[in-house]
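Asks: Shown below is the structure under consideration.
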């Protein structure tokens with residue numbers, strides 16, 4: 001076979017990428033990253049949590065349009081009257097409560113109540129892969145995922161696009177595998193004990209070929225005090241990875257999130273994420289992470305990157321050592337710098353695209369009457385009377401001039 005001349009070879013190498021060079025993403029990899037599939041193995045370093053397997057009835061409730069909450073004593077007082085000139089309190093006291101949706105999943109409802117009590121009354125919910133971070137706008141806990149009752153949890157889960165993705169699109173973009181389907185997946189509700197998190201202490205780590213190749217902040221704001229701590233943080237995270245995750249997680253490529261509270265000497269494993277475009281690379285790009293040149297290990301399986309090999313070690317002490325690593329190479333540790341554009345552009349609220357349902361936008365655009373009608377319907381929805389969607393015609397407001405067609 002004739003060899004390519006230099007010009008032909010150069011042309012071949014210069015072909016631009018038309019897509020990110022991911023290996024085929026398998027459904028088994030997605031399942032390996034499901035919380036219930038790794039939590040037991042790494043429980044000693046995770047945050048205190050409980051896992052509740054979900055039934056088809058509960059999943060149907062999450063998938064239903066609209067928001068109907070079970071009857072339950074509210075954990076917050078009703079807001080002040082929306083109309084200061086009104087002689088009534090603005091809330092419907094003569095209600096005809098509809099069927100309680102929790103009757104279809106009474107065992108799950110009871111387990112949630114018991115778990116909240118076990119975890120000191122405050123929890124943070126998530127499903128197999130995602131937490132409803134995009135739905136905190138609807139929470140009455142000031143943009144927090146803290147939940148004190150089952151209804152707090154249901155409201156977040158049913159309002160979240162991230163949760164919908166877990167339920168409907170978990171295996172999008174994966175290679176075909178008839179043995180793994182959405183219907184055969186065991187969905188779970190994870191309830192973590194709530195505590196006040198310092199967002200500056202959360203980090204995302206990217207693993208390729210069982211090696212950390214990059215670490216960065218999860219919260220994209222500038223924290224000056226972190227820069228002198230980079231060597232310590234990198235060492236503590238690397239040591240945790242080498243002892244806990246490196247040889248035990250079933251996939252060689254993945255990312256994981258950790259929390260290192262002050263004094264930054266102990267790692268808490270928060271999550272394990274797929275090595276896939278759906279995972280946010282944050283301060284990196286996926287093209288960087290996929291093509292970054294990394295030295296091949298002296299022993300064991302070589303890294304897939306095409307880089308010159310390191311010279312062989314001549315010391316007799318190196319022979320037979322299984323944990324030999326390259327000297328002088330460390331994973332890159334990225335933080336937001338004071339003058340970075342990200343230090344300012346990311347100071348805006350996260351997940352803003354998910355924060356305002358169309359009904360609220362339309363009610364606000366309709367003026368005072370529209371917002372009054374929406375407030376009535378919202379309170380009735382919290383009382384379990386009606387669905388949030390399509391509730392306008394049931395408003396008890398007698399002033400026809402104030403009604404708005406939507």
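Glycine residues also receive a Cβ, built from the backbone N, Cα and C atoms like all the rest.
What Swiss-Prot records for this protein is below:
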REGION    78-102  region 'Disordered'
BINDING   126, 129, 131, 133, 192, 193, 194, 195, 202, 204, 218, 257, 271, 273  ATP binding site
BINDING   271, 273  Mg(2+) binding site
REGION    303-323  region 'Disordered'
REGION    387-406  region 'Disordered'
COMPBIAS  393-406  compositional bias 'Acidic residues'
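Any idea what these are sitting next to in the structure?
Replies: Within the same chain, the residues at least 6 positions away from residue 131 (ATP binding site) whose Cβ sits under 8 Å from its Cβ are 124, 125, 145, 162, listed in sequence order.
Taking a C-beta cut-off of under 8 angstroms and a sequence separation of 6 or more, residue 273 (Mg(2+) binding site) has the following same-chain neighbours: 33, 129, 204, 254, 255, 256, 257, 279.
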Asks: How many other Cβ atoms are found within 10 Å of the Cβ atom of residue 202 (ATP binding site), counting all protein chains shown?
Replies: 17
Asks: In sequence order, which same-chain residues at least six apart have a C-beta under 8 angstroms from residue 194 (ATP binding site)?
Replies: 119, 122, 123, 124, 145, 146, 147
Asks: Taking only the residues the record lists as binding ATP, namely 126, 129, 131, 133, 192, 193, 194, 195, 202, 204, 218, 257, 271, 273, what is the largest Cα to Cα distance between any two of them, in Å to the nearest whole number?
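Replies: In whole numbers, the farthest two Cα atoms are 22 Å apart.
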